[in-house]
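Visitor: My structure is below; once you've seen it, I'll send some questions.
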Amino acid sequence: MPELPEVETVRRGLEPAMVGARFTKVTQRRPDLRFPFPERFSERIEGQEVKALGRRAKYLLADLSSGEVLVMHLGMSGRFLVTRDGATRVPGEFHHEHGGLGAHDHVIFQLSNGATVTYNDARRFGFMDLVPRSEIETSKHFASMGIEPLGNELSGETIARLFAGKRTPLKAALLDQRLIAGLGNIYVCEALFRTGLHPEAPAGSLVNKTGEPTDKAHQLADIIRDVLAEAVEAGGSTLRDHAQVDGSLGYFQHSFRVYDRENEPCLTPDCTGTITRLVQSGRSTFYCPECQKRS
Ligand SMILES: [Zn+2]
């Protein structure tokens, strides 16, 4: 499943192909993906210019000149293929040969700049919607969504406000999309490790008695942003170096310090700990019991 940094990498890859261009033809090849397409989908998009391509959590948002926003979610296996000047690229991974339409090519956007953007999704957990710009924040997609972890909103103060009084384990609170939107399992494990916080510590332990953020709360906010920004940067550099890369970008695994490293030695200098796995809410948590003490 693409995590937030991969979605941001995809956004950056799509931006030059879409922004400032008009949709000249939109081909929708099935009535639904995870959900039905909105009514008159292609008709509402054709002829519109893409004013901007944004991202909110794991959603891509294309602002159309009609005042509607094309909302796109990649689900589990969605990806975009960009064909321009005879070459096909998949933002977030690389795809050298793309002859004709594949079975899983569900939407084909043709743009006035000559680019073709194809949405491919083998498992069809992705979806698309059209929402008026003025209603985007209150739409079903975003109404109960928490703050954006890559933005300036995430701070020690915000963490204190969101986590005050909560006995929920820190890991679960960080994965709660109603509090912070788009933080996935991998990046939460990494951020807790780098901050030296135990994943089962109560979320409220980051707030002192007067409601102020603890030092660890400030550190955690900075580290979450760093971990995500590093992953976006890794995706971006792989995009730039695509001539030497023929595999999938995947989950930037080379940079993980704890995720999926059960029984391997901790990478903190001088730490003799061993990375340990525990299961929280049905999902694996990886941590170092030496670096991440409970109190
Ligand atoms: Zn350690």
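Any Cβ shown, glycine's included, is placed from N, Cα and C.
All annotation found in TrEMBL is predicted automatically rather than curated by experts.
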Visitor: Need one residue: from H104, H141, the one TrEMBL lists with R123, K166 for DNA.
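Guide: For the DNA site that includes R123, K166, TrEMBL also lists H104.
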Visitor: Given the active-site residues P2, K58, R283, which one's Cα is the least distant from that of H104 (DNA binding site)?
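Guide: Sorting the active-site residues by distance from H104 (DNA binding site), the top entry is P2.
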Visitor: Take the C-alpha atoms of K166 (DNA binding site) and K58 (active site, proton donor) and report the distance between them in angstrom, rounded.
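Guide: If we compare the Cα positions of K166 (DNA binding site) and K58 (active site, proton donor), the gap is 25 Å.
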Visitor: E3 (active site, proton donor) to R283 (active site, proton donor): how many Å between their Cα atoms?
Guide: 15
Visitor: Sequence-remote contacts (6 or more beyond its ends) of the domain 'FPG-type' (257-293), Cβ cut-off under 8 Å?
Guide: 169, 171-172, 175, 185-186, 189-190, 192-194, 196-200
